[in-house]
Amino acid sequence: DPMLQDSQGFNALHLATHSSNAMLVLYLLMAGEMPVDTADTLGHTSLMWAAYQGDSLSVQILLKHGARVDTKDREGFTPLHWAVVKGNRECLSKILMAGADIKAGDKSGKTPVDMIKELKGTMIWDKALSDAKLSSDGQTRRTPFDKLMVLFPWYIALPLAVAQFLFGHIGAIKFLLRTRTPNDMLQTPYYTAVFQSTAFWVGFVWLRYLLGNTSHLLWMNIAFFVGYTSALYFFYGAVMADPGWTKANSSYESQREAVVQMADRGLLDARHFCVSCIAQRPLRSKHCKFCNRCVAKFDHHCPWIYNCIGAKNHRAFLIFLALFLSSVPIYAYLSFEYLHVLSPSYVPVSSDPCLLGDTLCGYFQYDAFTTTLAFWSLFQMTWPGLLFLVQLYQVGQAKTTNEAMNFQRHSYLGKSMTIRQRILRSLTEIDSEMAGAGHPLQEESINLLEANGTATNDEDEVTLFAQEESKPVGFGDHEGHNHGARRAGGGGMWNLLVGTARRRRQQGEDRDVNPFDFGLWQNCVGFWSDGTQGPMRGVNWYSFYEAEARGGAATSRRM
């Protein structure tokens with residue numbers, strides 16, 4: 001009986017929490033249907049223990065199952081008091097978001113705020129309040145939504161223009177949006193508003209000033225119009241699109257069934273199961289903490305489009321970047337041609353000297369707004385240009401940004417060749433119509449497998465990824481938790497061009513770098529055809545799983 005208690009009042013749920021085994025906590029609550037707020041002999045609930053240990057995943061699970069945040073132990077400590085003792089920001093944030101009272105006192109009247117001051121954890125406390133969107137007194141922080149349009153006069157003096165820009169930027173994020181941390185900014189449409197406002201003024205200036213005064217550049221204007229409108233089309237396509245939300249289990253019964261099934265298969269762990277969505281994680285998916293959803297083939301969360309980039313909108317995002325980068329130089333050329341044709345010779349003003357040279361000073365003197373907007377648009381090419389190059393490189397390597405940045409964390413990357421063989425076998429054996437005996441897809445996949453993964457000589461050593469063993473988080477005398485990863489190697493561009501996921505032998509085991517890499521050409525064909533062509537055509541990333549049972553063999557399947 002998991003509800004039996006020992007001499008200290010600990011039941012199975014307490015012990016699972018002590019060992020920071022979040023998946024066992026989830027299993028006991030859903031399969032065992034244990035009461036969540038049972039206290040031990042000292043009045044400590046499982047939520048208090050999880051908060052004290054800084055186990056944010058267990059805290060999240062317990063809160064989702066109705067754990068109370070207002071319970072007190074024998075000393076009058078609430079779960080928030082214990083979270084303050086540990087000082088873990090995520091635990092503090094989750095408990096505050098659950099409605100914990102920051103003014104609740106213990107037997108001596110000491111509140112969590114008093115304790116945080118004594119422990120000198122004010123900085124973490126402020127960040128946790130910001131995460132929970134609370135003010136310093138624990139009240140919900142209000143953000144004004146009044147629309148305000150202010151037209152500032154444009155001065156020639158560049159320092160004043162820069163100061164104006166900084167004032168507007170800082171004023172918006174500090175007083176209008178009332179953000180405290182960079183993460184707060186990512187949860188607002190501020191960055192995408194910067195782009196959209198720039199796009200609006202670019203279109204307005206082109207229609208109002210440039211089009212009529214540069215009519216001799218007919219094809220340049222046509223090219224700009226096509227590029228501008230197409231870029232906006234794909235931009236809003238990426239913004240408004242479903243990036244690839246995976247299906248979450250909505251009912252309690254379906255959630256319970258999913259937990260039990262994963263536990264029976266030995267796969268109830270954070271790598272294969274999302275405790276936020278209470279659903280199995282498809283291969284290459286990730287739970288976005290900003291959107292609070294799991295995204296199939298997750299690439300990254302992009303604040304510039306206020307959306308995630310995933311299976312459904314990745315192509316639209318890259319097409320937008322390409323069109324944007326090709327349209328901005330055309331717009332700048334039209335702007336400077338307009339200024340060159342119409343601006344008179346610069347007339348120096350003794351009281352207001354200009355140090356930019358006669359040409360630029362003349363442009364600013366004639367039309368400061370258009371000149372500034374042209375330079376601002378060129379400046380805006382920096383981040384999309386770098387991002388576009390990185391994205392193209394990753395497409396050529398068949399990696400997502402998430403995989404490239406967290407390579408050592410993914411079980412299907414850096415694994416042995418058997419992972420690649422299972423993936424190819426799932427693609428060539430499941431669908432009899434597409435992958436029957438002798439079908440070109442099957443032959444192509446097998447040939448690519450042989451070309452990309454059979455070399456084992458030390459001469460082929462290019463990249464090594466090795467992950468050290470992780471020790472589980474313990475309680476009491478148990479050892480702590482730490483990770484380690486090592487990376488060495490080179491020749492990434494050569495790998496990209498020839499498409500070989502070369503390996504090196506470590507401790508007698510061959511290591512494959514990326515099971516999805518079939519070479520530059522095949523990777524690009526698969527990406528730009530939206531998975532309808534190439535060796536991995538027909539893959540449904542919403543139900544494509546690679547799961548490795550504890551002590552068993554990995555399996556892959558396509559549905």
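For all residues, glycine too, the Cβ spot is worked out from N, Cα and C.
The active site, S-palmitoyl cysteine intermediate annotation in Swiss-Prot covers CYS302. Just so you know, the Cβ of CYS302 (active site, S-palmitoyl cysteine intermediate) picks up 20 other Cβ atoms within 10 Å once every protein chain is counted.
Counting same-chain residues at least six beyond the ends of the repeat 'ANK 1' (8-38), those with a Cβ under 8 angstroms from any Cβ of the stretch are 2, 44-47, 49-50, 53, 55, 57-58, 61-62, 65-68, 71, 255-256, 259-260, 263, 268-270, 273, 275, 472-476, 478, 481. Swiss-Prot lists 8-38 with the feature repeat 'ANK 1'.
Swiss-Prot lists 42-71 with the feature repeat 'ANK 2'. Residues of the same chain lying 6 or more positions beyond the ends of the repeat 'ANK 2' (42-71) and with a Cβ under 8 Å from any Cβ of it are 9, 13-14, 17-18, 20, 22, 25-26, 29-30, 36, 77-80, 82-83, 85-88, 90-91, 94-95, 98-101, 104, 270, 275-276, 473, 475.
For 148-168 (among others), the entry in Swiss-Prot reads transmembrane segment, with the evidence type sequence analysis.
Listed as Cβ neighbours of the transmembrane segment (192-212) (distance under 8 Å, sequence separation of 6 or more from its ends, same chain) are residues 221, 224, 228, 232, 235, 239, 303-306, 331, 334-335, 338, 367, 369-370, 373, 376-377, 380. Under the heading transmembrane segment, Swiss-Prot lists 192-212 (among others).
The transmembrane segment annotation in Swiss-Prot covers 217-237 (among others).
Within the same chain, residues 202, 205-206, 210, 214, 217, 220-221, 223-224, 227-228, 230-231, 234-235, 237-238, 241, 302, 305, 309, 363, 370-371, 373-374, 377-378, 380-381, 384-385, 387-388, 391-392, 395 sit at least 6 positions outside the transmembrane segment (316-336) and bring their C-beta atoms closer than 8 Å to a C-beta of that stretch. The annotation transmembrane segment is assigned in Swiss-Prot to 316-336 (among others) on the grounds of sequence analysis.
Among residues of the same chain six or more beyond the transmembrane segment (373-393), those with a C-beta under 8 A of the stretch's C-beta atoms are 195, 198, 201-202, 205, 304, 318, 321-322, 324-325, 328-329, 331-332, 335-336, 401, 496. Residues annotated as transmembrane segment in Swiss-Prot: 373-393 (among others).
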